[in-house]
Amino acid sequence: VAQDKDELTAMKITHLVNCCEGNRYNQVNTNQEYYNDVNIKYHGIPAQDVATYRICDEFQSAVEFIDEALKSGKVYVHCQMGVSRSATIVIAYLMAKCGMDLMHATRHCRHRREIFPNSGFLKQLCDLNKNIYGE
């Protein structure tokens, strides 16, 4: 769906977060220029779905982008498979902006789709949970 501009337009998407930006294996090679003709604002994260990738370095900018986007539009957050990188970013958003701790944010996402953040991403979300909630 992420590269189908007609579908994104039909879904009334105004903002898009690509959690696997790039042209390597398991990445989706899009950028702001790709979406200019359909007026979608873009935020790219070149995350690799490996436990050693510091996705926590992307939390603040992604959370701020999503938060701003939801004030006036609709956001599509994606990665290659939709279960690890994008799920991690959405969970971080729910924790930072919606008052959910890690358990509730993860449950909220799992209730809507199958997700499985890798072990390194889960550790980074645990650290975020400690920073926000002291738990």
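Just so you know, glycine gets a Cβ as well, placed from its N, Cα and C.
The annotation active site, phosphocysteine intermediate is assigned in TrEMBL to Cys79. Here TrEMBL flags 1-134 as domain 'Tyrosine-protein phosphatase'. Feature annotation from TrEMBL assigns domain 'Tyrosine specific protein phosphatases' to 57-113.
Across the domain 'Tyrosine-protein phosphatase' (1-134), the model assigns an average pLDDT of 96. The C-beta environment of the residue listed as 'active site, phosphocysteine intermediate', restricted to residues of the same chain at least 6 apart in sequence and closer than 8 Å, consists of Asn18, Cys19, Cys20, Val28, Ala47, Asp49, Arg85, Ser86. Note on the domain 'Tyrosine specific protein phosphatases' (57-113): DSSP counts are 40 helix, 4 strand, 13 coil.
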